[in-house]
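Here the structure is laid out as structure tokens; the discussion comes afterwards.
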């Protein structure tokens with residue numbers, strides 16, 4: 001047996017409406033020595049131990065997991081996790097832009113296509129890791145609600161992208177960390193400090209500046225894309241999507257690491273697809289896209305969504321969750337840029353002010369969680 005140095009990587013949910021799926025992380029004990037079941041060179045591994053990885057090896061299986069004695073471990077590229085986060089935010093933003101460009105499809109149908117891509121991506125992982133398709137009996141009800149609420153969040157977010165400005169919908173989704181803290185306090189009895197309350201008020205202020213209700217801003221609301229009724233419907237859909245996404249993160253915290261993350265994504269995709277198909281038949285909105293451009297956009301939305309999710313997961317595997325959550329606010333910047341360049345819609349000062357409030361709120365929440373996790377790690381070391 002070989003003793004391996006423990007690595008970094010406490011992965012936690014990132015900010016934003018898009019919900020990250022992160023594999024079970026390792027304990028964050030820099031410099032600590034952790035035993036692992038990696039066979040020494042020349043010793044044959046039996047059964048499952050052959051694929052078991054240690055903390056120093058980024059999840060690689062033997063014989064590649066442990067380096068030969070006396071060799072120096074190659075240093076990780078500094079800032080690589082943050083680069084992955086920026087790339088993930090860019091891919092998500094471009095996917096949202098393509099969704100905005102689709103003219104002939106309902107948001108529920110776009111969500112159904114996205115679920116098909118998710119299933120195609122996850123199925124090989126389920127077979128490889130032999131997790132099964134239902135999960136542990138005591139966790140199935142949580143997995144069901146995780147999939148149900150996650151699919152609702154996706155459909156509502158896509159609807160919001162279609163009926164309101166891209167930047168406005170993106171900004172509202174970044175209130176998710178604030179609502180996650182609030183729901184975790186209610187259902188998981190986690191600590192909710194006065195700082196959390198302040199960040200919640202900041203987030204609500206930002207949403208009000210973006211929605212601009214007439215009873216506060218008067219009957220003539222300027223800077224709205226399309227009719228105000230559509231803008232209001234999109235705002236309500238974006239808020240409901242954010243609450244659903246926050247609820248799924250609370251459920252994932254409740255489940256913990258007892259369920260493989262591939263299984264969680266599988267429930268999300270399967271339940272989402274079933275729900276979308278039922279909704280399409282009820283709404284009578286199922287149609288094959290007539291325009292070849294829309295078909296291309298559908299495929300690109302699926303591929304870019306998977307790419308964004310993959311890079312975000314990779315970022316959380318090699319970087320602290322706090323910096324990743326803060327860097328994910330680049331999604332808002334990309335949304336403003338893409339909206340101005342390709343949709344010819346310049347944001348108003350109200351939207352910019354709302355965005356600053358929401359970004360400050362989500363960044364403050366991420367920094368507090370980050371400092372709290374670092375403090376707990378130091379206490380464990382002592």
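A Cβ is built for glycine as well, from the same backbone N, Cα and C atoms used for every other residue.
As recorded in TrEMBL:
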- 1-29: region 'Disordered' (REGION)
- 10-20: compositional bias 'Low complexity' (COMPBIAS)
- 80-211: domain 'EamA' (DOMAIN)
- 81-99: transmembrane segment (TRANSMEM)
- 111-129: transmembrane segment (TRANSMEM)
- 141-161: transmembrane segment (TRANSMEM)
- 167-188: transmembrane segment (TRANSMEM)
- 195-215: transmembrane segment (TRANSMEM)
- 233-362: domain 'EamA' (DOMAIN)
- 265-283: transmembrane segment (TRANSMEM)
- 295-313: transmembrane segment (TRANSMEM)
- 349-367: transmembrane segment (TRANSMEM)
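Long-range contacts of the transmembrane segment (349-367) within the same chain, counting only residues at least 6 positions beyond its ends with a Cβ under 8 Å from a Cβ of the stretch, are 15-16, 165, 167-168, 171-172, 174-178, 181, 195-196, 198-200, 202-203, 205-210, 212, 217, 223, 321-322, 325-326, 329, 332, 336. Residues of the same chain lying 6 or more positions beyond the ends of the transmembrane segment (195-215) and with a Cβ under 8 Å from any Cβ of it are 168, 171-172, 175, 178-179, 181-182, 185, 221, 223-224, 228, 231-232, 235, 239, 350-351, 353-358, 360-362, 364-365, 368. Each of 81-99, 265-283, 295-313 was scored by its Cβ pairs under 8 Å to the transmembrane segment (111-129), and the highest score goes to 265-283.
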